[in-house]
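What TrEMBL lists as domain 'Glutamine amidotransferase type-2' is 2-218. Taken from TrEMBL, the feature active site, nucleophile covers CYS2. As annotated by TrEMBL, domain 'SIS' applies to 286-425, 457-598. Taken from TrEMBL, the feature active site, for Fru-6P isomerization activity applies to LYS603.
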Amino acid sequence: MCGIVGAAAERSVSGVLLEGLRRLEYRGYDSAGMAVWSGAEIQRLRREGKVQALADAHDDTPLTGSTGIAHTRWATHGKPSERNAHPHMSGSAIAVVHNGIIENFEALKADLTSSGYAFSSDTDTEVIAHLLDRAMQTGLDLTQAVQQIVASLEGAFALGVMHRDKPGELVAARKGSPLVIGVGIGENFIASDQLALLPVTDRFMFLEEGDIALLTKDEIIVWDKVGEPAERAVSQYEHSVTSADKAGFKHYMLKEIYEQPAVTHAAFEDRIKDGLVDESAFGEQAAVIFDQVKQVQIIACGTSYHAGMIAKYWMEGLAGIPCHVEVASEYRYRPVVISEGTLFISISQSGETADTLAALRDVQDQILASLTICNVPASSLVRESDLNLMTNAGPEIGVASTKAFTTQLVGLLLTTLVLGRRFKLSQEKEREIVALLAQLPGLMEHAIKMDGSIEEMSQAFAEKNHSLFLGRGTLYPVAMEGALKLKEISYIHAEAYPAGELKHGPLALVDKDMPVVTVAPRNEMLDKLKANLQEVSARGGELFVFAGCSQEVQPGEGIHVLEMPEVPEVLEPIVYTVPLQLLSYHVAVLKGTDVDQPRNLAKSVTVE
Ligand code: G6P
């Protein structure tokens, strides 16, 4: 969702800006633009559609200059179009890129219009450019003007600003939306995330809420939210540059699916000590906080919410820990009752999801403590939580989350074990589960080896418009995740149901045009699930079953069975996710959709 790149350098920055935009494509966007200070003026280039369209336009009309800002826009206010693409300008003097939403933009626009400003877009962002112009007319310099006007902005924003008469200066501001500073040698940068800047630097400074920064090629000056000069530490990027590349795979999503044996291993390997989970991995205060936990509230969105749903089965089933799970966008807007001793767990691959972050901020004063399970160490959720567990999945570029999800599950299982000690989970049981974790990478590998058979199976879906996913127990959220993957990237309508609900509605939809996908490990729910499969079969529905044992679920007319490896029950949701990821991937490839950047979706949803 909206991406910002900016650079103040000695060299011409257009190439850095375009490469940065390409690297932000995964966040989701529908138009792109850039502005470069070149001598006496700011030159701007914008295009609806892909960054490639902007790059092609740039080939025809190159922008040359040593200071610039660029942006990928995911439309909120005003449809995707060139006139709504960023950067937005006030006259020819000020250029602004913005990520977030200015909630009071209508009032600000009315005020600016009455002061004589004319608007050339439908965006909320354009008010920022004109507000800056008006502030600078009173004699303020660019940084002072940004400091003044951000006080009047309601909502969330990350900003990059430049002015025709301030050569070499770039001003950045951040409140509620992510923005990092890349520290170079004789050049400095801003971006929505580190990935955008990896070709030019591996040293980063993270702005805090309300910070404003002035960048030139030689220096970075930061002021905090009350306008006091502030020091922000510079840290080194930890992953290799190539971990953010496709490594020979056709799509990032496929590469990320194939990385799961390694990253699920990385998610637990350093957290085990003497056969038990080492709770210091959650933070220094972990033991003191965990001792006081009476129940758990999990909050998340999208795929991360499905991870939370699985964790609820573990927390209550394995460990007897009362556990509630809710999507952040609902939780944050309803009156909630928070019981004493609540550990608030937010799950987020990006650590920047606006609703999840807002939910955490809203309850900070009422909870025992917060724990974030996250893939981005420097993210807002991590920085604002008492405890953290990193999922160690490495950069995930495909919008449809895969390895981030399965590593979240590993993190949640570890969390269940450390909390479970304080509830009904015996040390013996914990040892047993920890020992089983060692099998996980091999089982993930085995599931990935089914890729060829799943690719064949995918042909049955390419012409369909609807599909149903069924599961029971922890495999119900896995079915939900499978359905979400299919709709996200193949645009086929997919619904998931707990198999026991089949008779209460979805059975009415079952016919030969409605493929039914079922995850059916050999566990205690299998007999019940088999009865549900009979109900589908009897109505002419075509079944695709990922089964723990093909002797238990016999293939036949309209029943396709793919045999999964034998999986210990506690690991089933992690391993059974893999074939569903591969199925959606191959269906999307057959349909020719944009697998890594599906239409209308964003990787990091930093606005509501
Ligand atoms: C977007 C992404 C999903 C993700 C969801 C929550 O919708 O496309 O992949 O599951 O946001 O994001 P989070 O970063 O909080 O896990």
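Placement of Cβ uses the backbone N, Cα and C atoms for every residue, glycine included.
Model confidence over the domain 'Glutamine amidotransferase type-2' (2-218) stands at 94, taken as the mean pLDDT rounded to a whole number. Secondary structure counts, DSSP: the domain 'SIS' (457-598) has 63 helix, 28 strand, 51 coil. For the domain 'SIS' (286-425), the DSSP-based tally of helix, strand and coil residues reads 60 helix, 28 strand, 52 coil. DSSP gives the residue listed as 'active site, nucleophile' a coil state; it is part of no helix or strand.
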